[in-house]
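Taken verbatim from Swiss-Prot:
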BINDING   Gln16, Gly17, Ile18, Asp37, Asp58, Lys151, Val180, Asp181, Thr182, Pro183, Ser184  NAD(+) binding site
BINDING   Arg144, Arg188, Arg205  substrate binding site
ACT_SITE  Tyr147  active site, proton acceptor
Amino acid sequence: MGRLDGKVIILTAAAQGIGQAAALAFAREGAKVIATDINESKLQELEKYPGIQTRVLDVTKKKQIDQFANEVERLDVLFNVAGFVHHGTVLDCEEKDWDFSMNLNVRSMYLMIKAFLPKMLAQKSGNIINMSSVASSVKGVVNRCVYSTTKAAVIGLTKSVAADFIQQGIRCNCVCPGTVDTPSLQERIQARGNPEEARNDFLKRQKTGRFATAEEIAMLCVYLASDESAYVTGNPVIIDGGWSL
């Protein structure tokens, strides 16, 4: 018996990183996983794993989300993962950067929740997990102005949904990781003028002396998706290797 046997789980940004690790972990625990991403070629790599079906989805497009929701009969868990990390202070953040970050990091979650929550309410049970970050209202982080703003908004969204629908059997939590070794992190390191220095800068802020793995984050997500966490709702769950201490 798996910890997620019989559960239908939809997640976004499943083609790589935390999303991919979570999709694989969910499937190993017996869930039926519907993995979505905008990157069709990388998403297809998941199709070889039992229990996972894939669907191309741009989470910034309301029409696509609504069409997808109409195709889904039921779901038990919605995991909103998609996001973008902008590097810089408020002075480095142009309006287009601000708008893009807000659109992908916050509005996409609003659209997904609004589309799929009615199905959960109809079945009188549901579980929503949102990807936030320690770089949010949890901790002020240098050069993460718009990113931290969006992730603080995700915490607010999470608490609001949890409070509004707790009596209808809905749970909503968010995951707040520290620095995770993902393709996204490696891209950000390589984009800096001195990648080795950039990597060391990222490592310095982790008191454990290492990055988290995507698989470590995924195992927390398995717990939040399972009935083991039935009494947990409205919480920003921190997994940061002591960064916020």
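Count begins at 1; order follows the chain as displayed.
Yeah, the Cβs are placed from backbone N, Cα and C, and that goes for glycine too.
Locations of recorded Swiss-Prot features on the structure.
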{"residue": "Gln16", "record": "NAD(+) binding site", "contacts (Cβ under 8 Å, 6+ apart)": "Asn39, Lys42, Thr182, Pro183, Ser184"}
{"residue": "Ile18", "record": "NAD(+) binding site", "contacts (Cβ under 8 Å, 6+ apart)": "Val81, Met131, Pro177, Val180, Thr182, Ala214, Ile217, Ala218, Cys221"}
{"residue": "Asp58", "record": "NAD(+) binding site", "contacts (Cβ under 8 Å, 6+ apart)": "Ile38, Gln64"}
{"residue": "Arg144", "record": "substrate binding site", "contacts (Cβ under 8 Å, 6+ apart)": "Val85, His86, His87, Ala135"}
{"residue": "Tyr147", "record": "active site, proton acceptor", "contacts (Cβ under 8 Å, 6+ apart)": "Phe84, Val85, His86, Ser101, Asn105, Ser133, Ala135"}
{"residue": "Arg188", "record": "substrate binding site", "contacts (Cβ under 8 Å, 6+ apart)": "Val85, His87, Ala198"}
{"residue": "Arg205", "record": "substrate binding site", "contacts (Cβ under 8 Å, 6+ apart)": "Gly178, Thr179, Trp243"}
Candidates Thr182, Ser184: member of the binding-site residues with the richest Cβ shell (10 Å): Thr182
Listed in sequence order, residues not in Arg144, Arg188, Arg205 with Cβ within 8 Å of the centre of the substrate site Cβ atoms: Val85, His87, Ala135, Val141, Val142, Asn143, Thr179, Asp201, Phe202
Most distant Cα pair in Å, residues Gln16, Gly17, Ile18, Asp37, Asp58, Lys151, Val180, Asp181, Thr182, Pro183, Ser184 binding NAD(+): 24
Arg144 (substrate binding site): secondary structure state under DSSP, collapsed to three categories: strand
In three-state DSSP terms, the structure that Arg205 (substrate binding site) belongs to: coil
Structural state of Ile18 (NAD(+) binding site), classified by DSSP into three states: helix
Recorded substrate site residues Arg144, Arg188, Arg205, farthest C-alpha pair in Å: 16
Assigned conformation of Arg188 (substrate binding site) - DSSP reduced to three states: helix
